[in-house]
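Below is a structure I'd like to ask you about.
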Amino acid sequence: MSVHVFKLSHVSSCLSCHRLQESLLSSASGYRNYRGVLNWCVVMLVLSNARLFLENLLKYGILVDPIQVVSLFIKDPYNMPAACLVIVSNVFIVAALYTERRLSVGCFSERVGLLVHSINLSVTLCFPVTIVLMLKSITPVGGASALGVYTVLFLKLYSYKDVNKWCREMSHAKARSLARESGQDYQVSYPGNVTLRDLYYFVFAPTLCYELNFPRSPRIRMSFLLRRLFEMVSSWMIPIIQSSMKPLEVNIIPLSSLSHQVPNHLLWLIFFYWFFHSSLNFIAELLQFGDREFYRDWWNSETITYFWQNWNIPVHKWCLRHFYKPLLKSGVSKWLGQSAVFLASAFFHEYLVSVPLKMLRPWAFMGMMAQLPLAWFVARFLRGNYGNAAVWLSLIIGQPIAVLMYVHDYYVLHYREGY
């Protein structure tokens, strides 16, 4: 009987081999696993760059000069103001810790503590600007690196101030609720967290938002650490810009930017992977920092807003926790709150570009503020794949134009006499 049933089922399956279904690449199929396509893109990128590398090696020889690379950061190996500037940042860390210790024991009132913190945070932003603009020995790359460190430090110390203030506003029992289950044998509660070791762990941790007890991984995985280190070392590309500056002087910036859009975009993608995946995961593994969500699926963004909320999670979390939500709590509307976030982001973009280049230009600021009307347009008129295409176009077209505007102005300001 069972043999007969088996034969009937076999015959039935042979007679009917089709069913109602969509092709995998159709959006209606619901298929989302494109890992093989991603691997194909990586292989093609490696092969194409390998071909270009061999062609350039045979035609021009070895162009990478280690001394020239180092000179991007320092002009004189015996005079490194950018490195010294980073070392001086420890003063602001200690000042923040001292203020919190005085507040925790009641030596400072909340008003005095807020005043001291405000002065410390203001100087944290203004002091490096003064040094970078005054010293001619600081290179643009060195200046940008130092300002980047101070910007991150400003955001971290602001978060440190806020969280400790929230702890003081709560009862001791409620302050313990801020501790999260993180696999640790103990949980720290306020004011036991106000220590030099705790603050410096936060300073080096790959996050901008302070917590009393961060989620911690059980151990350091050496194989994972070495893979991330290999990615950090191997993900390099040196753009050749000087040869492309001359056409910019004949007022054909849009035409010149067309030839730089794809290389610029590839550089941006490589930077994203190098920094947000390889570098931050390397630091997190080294410090056993458990929260590894440094980015989400921004490549699937169907709106500009979704992209900005998901491509840089540490900054997004900070803005949401310490800027946007407090604005809403104070009675500001959502639209004004979002506009204020973009305004602050535009300021820091300009801060990190114009100051190291020592020339005040509004291109980064204008580019960020232009995201507001673009976000409204895409959200209102474009949906699905069309919205995703609009996001990608804004990344591929918009960024090279802003970069070339700065490169053009910097070149004209410093190298025009030679042409």
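Placed from the backbone N, Cα and C atoms, the Cβ positions cover glycine too.
TrEMBL does not curate its annotations; it predicts them automatically.
As annotated in TrEMBL:
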type	residues	note
ACT_SITE	His349	active site
TRANSMEM	37-54	transmembrane segment
TRANSMEM	80-100	transmembrane segment
TRANSMEM	112-135	transmembrane segment
TRANSMEM	141-160	transmembrane segment
TRANSMEM	225-245	transmembrane segment
TRANSMEM	265-287	transmembrane segment
TRANSMEM	335-357	transmembrane segment
TRANSMEM	363-382	transmembrane segment
TRANSMEM	389-407	transmembrane segment
Return the count of C-beta atoms lying within 10 angstroms of the C-beta of His349 (active site), excluding that atom itself.
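The answer is 18 other Cβ atoms.
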Are there at least 3 C-beta pairs under 8 angstroms linking the transmembrane segment (363-382) and the transmembrane segment (112-135), leaving out pairs fewer than 6 apart in sequence?
no
Determine which residues of the chain contact the transmembrane segment (141-160) at the Cβ level, with the cut-off under 8 Å and only residues 6 or more beyond its ends counted.
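Same-chain contacts beyond the ends: 72-74, 80-83, 85-86, 89, 92-93, 96, 100, 117, 120-121, 124-125, 127-129, 132, 199, 202-203, 208-210, 315, 318, 321-322, 348, 351-353, 355-356, 358.
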Who are the long-range neighbours of the transmembrane segment (363-382) in its own chain, taking Cβ under 8 Å and residues 6 or more past its ends?
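Distal contacts: 302-305, 308, 338-339, 342-343, 345-347, 349-350, 352-354, 390-391, 394, 398-399, 402, 405-406.
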Counting only residues 6 or more past its boundaries, what in the same chain has a CB within less than 8 Å of a CB in the transmembrane segment (335-357)?
125, 129, 132-133, 138, 140-144, 147-148, 151, 305, 315, 319, 323-324, 327-328, 363-369, 371-372, 406, 410
